[in-house]
Amino acid sequence: MNILFAGGGTGGHLYPAVAMAEEVQRMVPGASVLFAGTSRGIEAREVPRLGYRLHLLEVRGLRRGRSLKDMAANIGIAADFAAALASAVALVRRERPDVVVGTGGFVSAPVLFAAQLLGKKTLIQEQNAFPGVTTRLLSALATEVHLSFAEAARYLPKQKGVMVSGNPARSFTQVDASAAREHFGLDPSRPTLLVFGGSRGARSINNAVLRHHDLFCAAANLLWQTGSVDFERIRDACPPSRHLQIVPYIEEMGVAYSASDLVLCRAGASSIAELTNLAKPSVLVPYPYATGDHQRHNARALVHSGAAEVIEDSVLDSEESAAAIMELLHDGARRSAMSEAAGRLGAPDAARHLALRIISLAGTKQGS
């Protein structure tokens, strides 16, 4: 069985593909897996490190502005896409995959389209509540389309073969909350606010929490991943405290989630998958410049289900926003209701379910 995964650029597009690939090879030990990506994406480093084969294509995303400069750049990008499509056709013909899986990012479009032109079975896995342009354009020709949010279906041209399967995410082993807090040097008896904005951090989140950290630490523990860029600035501005732990990056994220009673973070698809799989109440701050404003769509889905609250990036540092976070830290019953709502949205078996669909499309029996 040969499976070709196309997706990357960011971890949000790559790691769901990796999770599915791992499950496919666990279920079908002899399965051959190949990734297609670009030299500029995270996949150029991560896929070889994980031990998978990687084929690089040169492709860029269209600029969304309307200036003459953007239009001129898009002419060159269109030429690049044509070349990438030709390379993708050659790749699909050479590798003869049984199924081609697209998870988004610039590279997924030419590879999926090439597979569809050649009559290959294709599966699209869409992470966001507002589907990416590749999903919207190519879903009508896909064999199956798997969504993380039911809301995404309304943006697709057809409903046949479309199903909600969740977003494959990292799995974490939960530990006792008190022990988890002690692991980070925090007061085990206090509720804990976990803050993160990605591996590089989020400047607006960091600035807002810096402004109000004394208020948060007066009532709770604050476990704060600043990212590498802001770490020294934030650390130097905050005196040491039994109720405050500032780190550039949290390696043991499962322990951090276990320690937390409330999470303040962006609304990226991977973070939301982790929050819902672990039934964590959250305050989401959508990144205002995300493509297609997809983080706001993601956050809205959780808010409508009662699993989260949203604070806009532009007002995060306000007194009102800090008060809203404090209110949640003081209201255990409300957090409990949010946790139950988040858990109902979770799909911890998403990678396994999608791997089974890939194996079925390939016409291969599990374990063969």
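Counting begins at 1 with the first residue displayed.
Note: Cβ is positioned from N, Cα and C throughout, glycine not excepted.
Positions annotated as UDP-N-acetyl-alpha-D-glucosamine binding site by Swiss-Prot, on the basis of sequence analysis: THR10, GLY11, GLY12, ASN128, ARG170, SER199, ILE250, GLN295.
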Sequence-distant neighbours of GLY11 (UDP-N-acetyl-alpha-D-glucosamine binding site) in its chain (C-beta under 8 A, six or more apart): ILE42, GLU46, SER270
C-beta crowding around ILE250 (UDP-N-acetyl-alpha-D-glucosamine binding site), within 10 angstroms: 18
Cβ packing number for GLY12 (UDP-N-acetyl-alpha-D-glucosamine binding site), 10 Å threshold: 23
DSSP three-state assignment (helix, strand or coil) for ARG170 (UDP-N-acetyl-alpha-D-glucosamine binding site): coil
For THR10 (UDP-N-acetyl-alpha-D-glucosamine binding site): intrachain residues, at least 6 apart, with Cβ closer than 8 Å: GLY41, ILE42, GLY105
Number of Cβ atoms other than its own within 10 Å, given for ARG170 (UDP-N-acetyl-alpha-D-glucosamine binding site): 14
Residues satisfying Cβ distance under 8 Å from ASN128 (UDP-N-acetyl-alpha-D-glucosamine binding site), sequence separation of at least 6: SER148, PHE149, ALA152, ALA269, GLY292, HIS294, HIS297, ASN298
Close in space, distant in sequence - GLN295 (UDP-N-acetyl-alpha-D-glucosamine binding site), Cβ under 8 Å, 6 or more apart: ARG266, ALA267, GLY268, LEU284, PRO286, TYR287
